[in-house]
Each structure stands twice: as C-alpha cells, then as structure tokens.
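For reference, the structure discussed in these notes is given below.
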C-alpha cells in the first residue's frame, strides 16, 4: 500500500516538474535578461504615476483606471484593475522599474496556473477518457501554447494571469465540494470572484463557470430536461451565484458612475460600423478568428485593430464558412452532451470566460490575444479530449496509435518552438513591431508604432515613411497626422507641420494634444495670440494638461512675460511633478534672477520626484558653485558626468568649478576631457584652457625672475 502511495507521489512530482520545465523552456532560460517594457506596458506602468510614484497614492489606485486616468473621466476606458496596478506598484517600490523581474513574475504565475490546471483536471470525473492522461497532456498544451505569449511576456498580461489563477482556484473549490456546495464554499467563491474582478473585469464570469462545472460533475445531464429544470430551480447555491454576480456587476458599474467607455474607430472598427448586418457578421467572424488563433497560432500580432481583419459585409463572404463550422460543432456537442459530457464541459469552459470580450459589450479592441489566456483552458481541454477520444477508439490499430503519439509529440515540439520564438519578439518593441508588419502589413496602427519608435531612435527617414503609410491606409488617423506634423516641425517645416496638425483636428476636434502642438507651431511662427488661443482650447478639453501649461510658460517667456511664465511652469509641475523641462526652466529663471537660495530649495523638491535627472542636477551644481559650495557642487558634477559621460558642457562646467576653486590641475584635466569629446562644441573649454595655461605661464615667468 505504501509503495503505491510512494509511486503515486513520485509520478505526481515528475508530472509537475515536466510542466514547469516546459514553461521555462518556452519563456525562461535566460531569455528575460534583456527584456524591456513594450507596447501597453509603457502606458500602464512606465508612464503611470499610480505605479511609479512614492509614497503610495491609495486614493488614485482605487479611483483611476488601469492606464492611470480617472475612472470618471470621459477619456477613461473604464478598465478598473486596482489590484493589478497595486502589484506593479509594490514591485516598483521593492525592486524598481525593471521589465525583467516583472516578466519573470509573470512566468512564475504561468507555471502556477499550469499546475493548478493539471490538478483541476486530475480531480474531474469524466467517464469517457482517462483524466490522468487528459490532465498531463492538456496542462502541457496550456504551458506551451503560443497564444499565451502576450499574457506572459507582456507585463500588462498580469491581469489575465491573476484572473486565470483565481478562476482555477474557484473551479478546484467547486470540484472539492461537488454535491455539497454550501454557503461557506459559495461565499468563498463569490469573495474570490470579487477579488478577481479587481485584477481583471472578466472574472465576473467565474460563478458561471463554477455552475457549469458543478452541473457536469453532479451528473445532472443524465436527467430529463424537465427534471433538470426542477432540480436547478431548487439549487440555492446557483441562485446565490446569480444574485452575487448581479450584485458585483452593479457595484462595479456604480463605482464608475454607470458611465460606459467610449472608444475610437481606430480601436474597434467593427463596433463603429454603421451597418447592423456588417457589425453582426464581422463579430461572428471575429469569434472564429479567436478560435483559429488558438488552433493555429502561426500568425500572431500585438494589435489587430486597423487593417488586420477586413469587415464581413455580406452573407456570401466565404469567411463565414468558418462561422458555420464552429456553430456546427457546438450543435453536435449539444446533441451528444449526455454521451460526451467532457466535450461539452471543455467547450463551456472555453466559451464562458470569453463572453466579456465576445462583442456582447463594446470593447476597445478587435482581437486581443491576451484575453484568450483563460478561455484557452477550455480549448486545451477540448483539443486533448478529442485526441484521447480518437486515440482510445483505435485500440485495434497499433500502428495508427503510434502515429498519433508521434503527431502529438511533433505538435508539442512545434508549439514550444513557436512560443519561444514569439517570446523573443516580445523582448523589445523593435522586434515586436517588425513581427506585426509581417502578419498585418496593412495595419495602420502597426505603421504608426513603427514610426513612433523610429522617431525615438532618431531614424527620421523611416519615421516619415511609416507615418505617411499609416495615413495612406487610414486617412483620419488623428494621432499619426499629429505626430507627422510634429516631425515636420522638428525639421523646421512649420507650414507643413501646421497643415497636418489641422488635419488631425479635422478628424478629431476634441484632441487636446493636437491643439497644444498647434500652439507650439504657431508660437514658433511668432503667432503668439493664436498660439495662446490653441493652448486654451487644449485646456478646455483636458483641464489638468500639465505639458500644455509648460508650453504656455515657454510662450510667455518668448514674450518676456517672466512672472506669467514662472507661474505656468509651477502649475505644470504641481499637476505632474515628473516634468524635468519645467523644473529646469523654473530653476534657470530663479538662478538668472539671482535667487540662488530659492533655486536650491526648489531643486530639492524636483529631485524628490526626479532623483536622477541630469538637467536638474546640473543646474543645482551650477548654483552651488556660484555660492562657493565647491565640495557639494563637485560631487553633483561627477554624478552628472557618470550619468552622461560624453557631454562636453558637463566637463566644461566642472573645469570652471575647479578654476574658481583654484584646483588648477583638475581644471586643466576637465577642460581637456571636454575638448577630447568634441572640439567643435568645447569652445568655452578651449578658451578657458588657453587663458589658464597663459596665466600659469606668466606665473612661472614671474617665479623665475
């Protein structure tokens, strides 16, 4: 008896080790060391002050959406996931803003979910297949499936991973209490559902999945429909789940003031189409597309919004054959649900978690691969169920069974290689956007993101090319039009810049960033009154637009209205303390006015929010040097040079400090370093070095006399 227990324990440990190993081979093994924040990570984490500000702003975390905007704002997508945001914030507080460790935690959560899935399937009662084989094969497929790459390798996929964990825990609770779902179990499941909804809204479907699982595990499907209905009406736990779900939904809507999100056409062209038939047919086709991505995850793309999926405009579109095929399978499953309950259970566990993303409510995407993380649990169950049913039906044909085993091993190998390849794409934005261009060459958003990244990398030729291509594919793409205008402005083509920014405003008149950028162009043209009017228009559409206040300050500076300039810069940093240019302008103005003590005090405030910003540190060092606090100034200059070692100005000013300090040899070395970096830019260093050497020469001559 003990030997059997030991063997079972050993077998269990081996199975779990294999599953974890598959996860690590697909996503880990040193592949995370060079990981960066990509795509949605930038908005939700890097630029989200709820995540990367200390001390913790609890009010903001529980009143803002996942992207850092107020939940009650008209611009908010209403994606309320405060516990996910809080997880990111805790990681930032403990370990800093590092994509590698955040993605590693995602990988650990994926390992945990894989093991929970294996444990869940082992505990099921499904008479037509071996649950032991069903468990290990389904969990292995779940571990290796490429559709999970976005959820695991994209940091914002944490919401899906936590939803998946809570979903599986609730299903395990349901199985453990089959036939005796009392108030304690029901209450715990509803509590976990409420917690899950604070990680991801789709967790509201958990009670429905639990009811589905309990229905099949209790064998209610054997009864006649009349008897089933009578029994289900008397199940207090099912009624409790229904009322609890409605209560959670009501509370969730109340928290956002019962306002619905508004999405642009670029986010979801299907939902914005004016024809009911086109919307309906296209939405049905998208359902099949999601299934196809799980069935054949070769073509994967980080954004399917513009140009990836053509709308289905009539019933004769051949793509609807896939829709007919899917509903045929569902119909066959319904007709055989008493004979093949495992298939029906797997199908239900695939469909139920997907309902919030299925088009029942308007969402801000066409297809989002990470939303398939939890539905893929049911898909993996269904796929392996079909394989085992086919395999077990071929008992007399050993060659065929051998061929099936080989095919299964090949499938797992291909899946693992594809997942590893896709995980590499998600390491940085350049690889990610390049991979998307191969899948969706006519996706305007892909071209837009490539252009944006090229601009950041200084490749303006490439940026111009892809911005123009994005606009060619989608002429009313307001963000692309505005950014192209900004690019022309940086190249001094102000008239062309104004033209494109005005086109952006024609496409979207309530676009605050476009109004602000129009103001910047008009200010550069000397049209100060028009620029001021544009800035005020931007503030009309976004009242707390910190960057706009900064640019208004610059406008007043150009008009020599110094008090108003200072006031607007101060207002900008009050709204958003992470604006280094605004802080630098404030400090420079105070320094120029001779208010060095005020400049030091303000620089301390600035460094609390931006401790490693070189512009603020540099100005503080200059002020300290003027006040003859040489030791402290020297330390800050050295820190600035450590952060940016190839900046001639920093070495020059360090030389000036030593010059004033009568540290002649150190001054000479600093000046020479500045000249060696860039002789053309080190004019001041050359002049100061020449003066210093001449002075030393004169002193030497005097000494000789």
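Each Cβ is built from the backbone N, Cα and C atoms, and glycine gets one as well.
Residue ranges 18-38, 39-59 are listed, and Swiss-Prot annotates 18-38 among them as transmembrane segment. Looking at 113-130, 257-274, 401-418, the range annotated in Swiss-Prot as transmembrane segment turns out to be 401-418.
Look at the topological domains in Swiss-Prot: residue 307 and residue 399 end up on opposite sides of the membrane. According to Swiss-Prot, the feature transmembrane segment maps to residues 92-112, out of the candidate ranges 92-112, 428-448. Looking at 210-230, 315-335, 462-482, the range tied to transmembrane segment in Swiss-Prot is 315-335. Swiss-Prot assigns the feature transmembrane segment to residues 236-256, out of the candidate ranges 68-88, 236-256. Checked against Swiss-Prot, the range among 136-156, 493-513 recorded as transmembrane segment is 136-156. Residue with the densest Cβ environment among the glycosylation sites 459, 688: 688, by other Cβ atoms within 10 Å.
Regional average pLDDT for the topological domain 'Extracellular' (419-705) in the model is 90. Here the C-alpha separation of residue 57 (N-linked glycosylation site) and residue 459 (N-linked glycosylation site) works out to 38 Å.
Contacts between the transmembrane segment (92-112) and the transmembrane segment (186-206): absent, as fewer than 3 C-beta pairs lie under 8 angstroms at sequence separation of six or more. Across 18-38, 159-179, 186-206, 236-256, 315-335, the stretch most heavily in contact with the transmembrane segment (401-418), judged by Cβ pairs under 8 Å, is 18-38. Secondary structure of the repeat 'TPR 2' (478-511) per DSSP, as helix, strand and coil residue counts: 27 helix, 0 strand, 7 coil.
When secondary structure is read from DSSP and collapsed to three states, residue 459 (N-linked glycosylation site) falls in the coil class. Pairs of Cβ atoms less than 8 Å apart link the transmembrane segment (136-156) most often to 18-38, out of 18-38, 186-206, 236-256.
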